[in-house]
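Colleague: Below are the structure tokens for one structure; questions will follow.
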Ligand SMILES: Cc1ncc(COP(=O)(O)O)c(C=O)c1O
Ligand SMILES: Nc1ccccc1C(=O)C[C@H](N)C(=O)O
């Protein structure tokens, strides 16, 4: 069947899609196809509305916005934590919306890395996002430990994926703490968090996860799996806005552990304004807050997270899997002759929410896509990352992107560009 004949099938799938109406909730640019929701999710009308309401509270109430705003700022982090909690499989008490991804990692490692005796090392992996590695290296340095010796990074066998057996083999009696991604940012592989947590705990090691590429895209059961801690950003799949406040999870068994980095917003809320120099930490994950919340950066999350509360993460995951499965089918049928290799797991249990298309000309193929108003992102040296998002992408978008890619390759349109990344790739 020629590719053009397949558009009808895509349209039919859109007609049957229960989530299709949610597309209208978002600001989509006419004539453009956005496939980068795994880097920065799009603005929804509800997120815009709650941001504007919070601005109005500031305009009209000044300081009284803390208690009397439409979304009172003093409880806003807690309110958003309750909306984040079902997405990560934690109780509202175990979750806090605070800080940023990297800052929360610092906070959690400062809290849970307790080198003692021969257990002085942190275990991570060689494919994770660089910021996590920089944070772990500096946490080791702060303890007077040389990262070259005390940060162990599990290698990948093929440069794409991690094998849980290799990670488990590296859980030696020298490891005090493990920090791993839930989903790898390049290949989109989901790690078996339940198994890794079980194995870590069997060896007396604490374990935490970076959920940037999974929260808002796949369900989690951090509490039931017994995960010690997790942290994530809310600007990708949760559409909270550029640089919006991040999230963290601390298992309830650790409540009462003094945070490594303390500040007055980690106080019990009824005690905070006692202004006592002896801190009374919150008895839940709220203790891991540090200073005043970035209210205007939290505000869009109220509307953004409402959408997830309405739809439910299981429905999001089901559609996301259908979209990426459909895209893989079309890539297999139409694009493999041009040298594309699917570098993400194919299995539903292992596949996150994006496709990782490998090609030696990836940087300039991305530029050619942008010239067609398709927004992907490029990850050096050879990955075109494409994330069809359940709440705002259509099956027809997937069809269209593959069809445009085919034209770009057929006509060698990518040759009009340099095969180099941009500043923000
Ligand atoms: C997996 C992962 N970890 C950490 C980060 C860094 O997060 P932030 O810049 O919000 O601290 C990102 C993306 O920026 C990421 O994708
Ligand atoms: N925070 C950003 C700021 C600017 C540009 C991209 C980002 C990303 O989040 C990239 C993402 N972490 C990635 O997985 O590549």
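Cβ atoms here come from the backbone N, Cα and C positions, even for glycine.
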Colleague: Quick one: which of 172, 278, 292 does TrEMBL put in the pyridoxal 5'-phosphate site with 101, 102, 129, 130, 131, 132, 210, 213, 235, 264?
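Modeller: Within the candidate list, TrEMBL flags 292.
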Colleague: Provide the three-state secondary structure of residue 131 (pyridoxal 5'-phosphate binding site) computed with DSSP.
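Modeller: DSSP assigns residue 131 (pyridoxal 5'-phosphate binding site) to helix.
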Colleague: Ten-angstrom check, please: count other Cβ atoms within 10 Å of the Cβ of residue 129 (pyridoxal 5'-phosphate binding site), all chains counted.
Modeller: 17
Colleague: Which whole-number value in Å describes the distance between the Cα atoms of residue 101 (pyridoxal 5'-phosphate binding site) and residue 236 (N6-(pyridoxal phosphate)lysine)?
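Modeller: Here the two Cα atoms are 12 Å apart.
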Colleague: Fewest other Cβ atoms within 10 Å: which of the binding-site residues 101, 131, 292 wins that one? Let me know.
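Modeller: Sparsest of the binding-site residues 101, 131, 292 by Cβ contacts within 10 Å: 292.
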Colleague: Within 10 Å of the Cβ of residue 235 (pyridoxal 5'-phosphate binding site), how many other Cβ atoms are there?
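Modeller: Total other Cβ atoms inside 10 Å, all chains included: 26.
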